[in-house]
């Protein structure tokens, strides 16, 4: 059956007389008949499911209106208004929108605070009697994780999770549809989908990607095309008939819940209803995905483990055992060595990173939380949380904006009882270790029995076939002559009887023996042939690198030997690949530290450069500016995302402030003065805050006026501060005309500042129609435009 959602609420409220800047949710209490009438118009047009008028009815959003103590009241009133419009066949979805803040470390909202905000709202919706929870228009996967956890705790109703993606098929913080789907399905979302930002034509390939990734039902609510400014009014161009045409394509791609978002009306919903409601599912393509792999993710990347996928290297070196400097770094809270190990291992070929904070005497939960937060910003590979401490495990899982692998779960009762529920709750995969209360099984057959026991317990708690990675358990060959043979036999039994991905810590085999690299590499080749999918190893070892490359070729995972040939074709240099070296030139070291986002490491490098006689201009132009230009290009090419850009910008600012101390007091260090504001009636400022941070970290003086700012206030401050640039943001379609009004007011006042506009619903065409000087699609664009303008102005 195809289910039909309703369409836009904000536009309908505006048409019904909602004043600009007034809290839409307050009408649930003050004008319930208006809300009920809007719901009724959608039901009459064919909606099976209507959404409550509670998109912004969370404590954080309501605080802007002084209504934070009315969360329960306004959500309850919304459900009552919706119920008054419904017959028995119509379902009510409790709408839960974003908080408008980013979660630590991207922003200043803690994960727990976000969870509590969502829990409060969803509890009110649940108690008021909604039929399902709809979490929608979320642009950060970590916020969606907090909301989904809260929904599962506050309600037993089905949960729909809808992310919003840009034209690049990424969220603002860099998550693609496949990665988001894997995370949300693992965490227990009942329906997964997409809404807002784009029209149905742009959402079609996103729906296709979701359908190729999950067996969960899929929902989609598209805008009525991309908005234009006509006669000073925001207009969505797509006509109802065209919406129905695209609805058929969305259903054919896999969507089973279809509705509208910004710009859609009851007429659009009626067209969707007529186009798809009576389609027979038997006539539609269906694909049941067999999960013969385990997928792990970071915020922005998915890695697949399994027999049908290439070998995955798990870097082992973020582990303080036997490493005094790394242990001291962790104990001191510096984490400089941890970050260097992470970056170096990735440059050497690691695709997953094992993270262990096992330093005696420290708060391992606190250390793990910080490590996971910092590494999730620094690198884009999935992380393996390696701990025996249940508190450290939960701290790491909570902080991680992806799907982690837990290292490890044995058959010991206390480990099963404490670790498996956390894996289920946070959607993590588990590394199954064949150790039981009786100890370490000696034979492959006994190890298989223990692993089957772990998997049985995992299934009982709700884990699924795509949730396992099996460890063959390597003992040292110096102590047990059959250690290698039993591990190889174990791999073969796993593949024969279970088929789940496999792993092992390769270096254990050679412990206590000379030339361990020879033993490790030889055993690696044997294990890969026996069915090893994801070895845990030291990625710096050149002999191991050669073995992995040659094995990939010989086992058919490197067609035509392309990768092998690229890395090992004869050259004038050594054929051995080396670990990437730190540049000897201090300017190049500063450049690399900024590009890599090593904000703690960059300050001593700049201080060293100054001591060596390098001038501030040289450092700024040859290291800082070139580094940020490189990051900007990588961002534009989709090679890095907002977390990495913010880290690089923070690193540049740290370097810039160090240089600034050495400049004469009269020297100017600001690139220019920029006024930023979210326009009147719009209380969303997340995007603006990101732009402000990037501009400040790139050397601009930023005067952030905040949100819901009138044209008169913006003009006043622009003239007062003699602003070079005024940046205007609008997220709501109903407030977009304020962009035009504000620009007109600036020009009428004789303000010569350059205007840059941006926001999720804005386009270049809209900016042109509003007479803006420039349109910035994102924060990096804004920095580039501002720098270019100031450079032109200086000439």
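Cβ coordinates are placed from backbone N, Cα and C, and glycine is handled just like the others.
Note: TrEMBL annotation is automatic and uncurated.
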Among 161, 196 - the residue TrEMBL places in the same Zn(2+) site as 261, 262: 196
Residues in the domain 'B12-binding N-terminal' (577-671) grouped by DSSP into helix, strand and remaining coil: 65 helix, 0 strand, 30 coil
Other CB atoms within 10 A, centred on residue 261 (Zn(2+) binding site): 28
Residues flanking the Zn(2+) site, with Cβ no more than 8 Å from the Cβ centroid of 196, 261, 262 and excluding those residues themselves: 8, 137, 164, 195, 197, 221, 222, 223, 260, 263, 264, 733, 761
Which same-chain residues, if any, lie at least 6 apart from residue 196 (Zn(2+) binding site) yet have Cβ under 8 Å of it: 136, 137, 164, 221, 223, 261, 262, 760
Number of Cβ atoms other than its own within 10 Å, given for residue 262 (Zn(2+) binding site): 29
